[in-house]
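**Q** Next up is a structure, given as structure tokens.
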Amino acid sequence: MSNKRLFKKVLSFLFITLLLVSITFPNAIRASGKNTLKVKENPKYIFYFIGDGMGAAQRQLAEYYSKQNTGKKLTMNTLPIAGINTTHSENSLITDSAAAGTALATGHKTKNGMLSKLPNGKDVKTLIEVAEEKDMSTGIITTTRLTHATPAAFASHNVNRSNENEIAVDYLDSGVDFFAGGGLRHFIPNNWTNDEKDAADRTIKSKREDDRNLLEEFKDNGYITFYGKKGVKDFRDYKPKKDDKIFASFTDSHMPYEVDRLNSLYKNNVPTLSQMTQKGIETLSQNKKGFFLMVEGGRIDHASHTNDAVGVIKETIEFDNSVKIAYEFLKKYPKDTLIVVTADHETGGLSLGYDSNYFLKLDSLENVKVSVEDNLLNSYKGDKEKFLNYIGENFGLSNITEQEKREIQDSIDLHNKGVTWGGYSPLAMSVTHILSRKANINWGTYAHTATQVPLSAIGSGAEHLGGYKDNTEVSQVLFKFLDKK
Ligand SMILES: [Zn+2]
């Protein structure tokens, strides 16, 4: 063989190999191919509820509290299919929300911090992207910033979850039909001069480093936009029509904690997760081809990070109210609807029980009026007596023991020295731990844990989601359903 012919042969071999590789590994890798599960179901309406940080203890604490106060179980705890999911990421047994969101959105493990990319940086397709390809309508609803890790894993790809301005730009071309949540600050230009307040009466301040006004760009892309305080009324009055696309961001950063909202002046001005879910259903259900809707209770995690028992309870109950809205929808279309309720990981190492006692005393949590993160942490201004009055008034801690007073004094000393516990002031953490001990509950960490999380499901195909599974297997089942379309 002449050199020339050999060269030609090698060249054509290389060409064919390249062609084969590009067919086998398209630009964005899909998860469902490797899973051999066969499904018959093809649910038209898919709800994917993710309680961020909602471990078994968070769910049960909220349920006991709810039963004690209203006699009602959580709706999610009544669904017929139950599963347990492992949550580890590619590089750690303890996941963060980016890697866990990626697992739930794409069926792939990745490194903590990465969003819908493999550890090597390659993009992986999300359930929302595939639902879009099947002409379904899609929605993302959350109580956090819309650009936070869990929602971001469904409609963007980034090596770092902190790149929230880039994530916001990704959303423009995501095709997602309904966005509702917080995080306005990543969608407005850095020269934003508007002095309107957000829905929780907070200042709106851009975090962008450029002068792009993504609200305007969403409009140019055909979206109806609602933002800040003044957007709330319009959002509530809005009557969805077929093919409408919605972008709604009501707060500068995260939506307020439910415990703060319920006891605030802006109580009726901030849309709740269930109200946003209701509007999402009304909008997306106009499409005859169905919808895929992800709803995140994002601040169950935040409350757990700050070891805030009442924060966890109120967030989880409102998350469950949203599940209930979906359940009402399922009752109308039982053969066509699937509801999945799961979590990305547990946070806080919450244990329902403490010391050598055999009781829970949830009454002690009933007089709490504010969250730990957004209120207690900012409440100490150097005056101990005022602080003691504050925790008496807002945490029901007016009759604390001498030992507890000493504990608070010690933590004031640490606070003044700039010491932090898990990144938080020891003073606020002492107070929240004193309160938790009164209820006889305890916290193991200020971060996430490796414990499994419960899953519940009902409706078309739900039985494929039960049992002991990894979180990637949950989304792989959902990909199978979408593949039937
Ligand atoms: Zn977290």
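Using N, Cα and C of the backbone, Cβ positions are placed for all residues, glycine too.
Here's the feature list from TrEMBL:
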ACT_SITE  S97  active site, phosphoserine intermediate
BINDING   D52, H148, T150, E296, D344  Mg(2+) binding site
BINDING   D52, D301, H305, H345, H448  Zn(2+) binding site
**Q** Based on a Cβ-to-ligand 1 distance below 6 Å, what subset of the binding-site residues H148, E296, D301, D344 would you report?
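**A** Cβ < 6 Å from ligand 1, in sequence order: D301.
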**Q** If you count Cβ atoms within 10 Å of the Cβ of D52 (Mg(2+) binding site), leaving out that atom itself, what do you get?
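**A** The Cβ of D52 (Mg(2+) binding site) has 30 Cβ neighbours within 10 Å.
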**Q** Give me the Cα-Cα distance between D344 (Mg(2+) binding site) and D301 (Zn(2+) binding site), rounded to a whole Å.
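**A** D301 (Zn(2+) binding site) has its Cα 10 Å from the Cα of D344 (Mg(2+) binding site).
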**Q** So which recorded positions out of S97, D301, H345, H448 end up within 10 angstroms of H148 (Mg(2+) binding site), measuring C-alpha to C-alpha?
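**A** Near H148 (Mg(2+) binding site), where near means Cα within 10 Å, the recorded positions are S97.
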**Q** Who sits close to the residue listed as 'active site, phosphoserine intermediate': which same-chain residues at least 6 apart have their Cβ under 8 Å from its Cβ?
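**A** The list for the residue listed as 'active site, phosphoserine intermediate' reads D52, H148, A149, T150, R161, D301, D344, H345, given in order along the sequence.
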**Q** Between the Cα atoms of H448 (Zn(2+) binding site) and E296 (Mg(2+) binding site), find the distance and write it as a whole number of Å.
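**A** Counting only the Cα atoms, the answer is 17 Å.
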**Q** Measuring Cα to Cα, how many angstrom lie between E296 (Mg(2+) binding site) and H305 (Zn(2+) binding site)?
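**A** On Cα coordinates alone, these residues lie 17 Å apart.
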**Q** I need the neighbours of the Mg(2+) site defined by D52, H148, T150, E296, D344. Which other residues of that chain put their C-beta within 8 angstroms of the C-beta centroid, in sequence order?
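**A** Near the Mg(2+) site, the remaining chain residues are I50, S97, G101, T142, T144, A149, P151, G297, G298, D301.
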**Q** When neighbour density is defined as the number of other C-beta atoms within 10 angstroms of a residue's C-beta, which of the binding-site residues H148, H305, H345, H448 has the lowest density?
**A** H305
**Q** What three-state secondary structure does DSSP assign to D301 (Zn(2+) binding site)?
**A** helix
**Q** Let me check the 10 A CB neighbour count of E296 (Mg(2+) binding site). How many other CB atoms are there?
**A** 30
**Q** Comparing the binding-site residues D301, D344, which residue's C-beta has the most other C-beta atoms within 10 angstroms in this structure?
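**A** Counting every other Cβ within 10 Å of each candidate, the maximum falls on D344.
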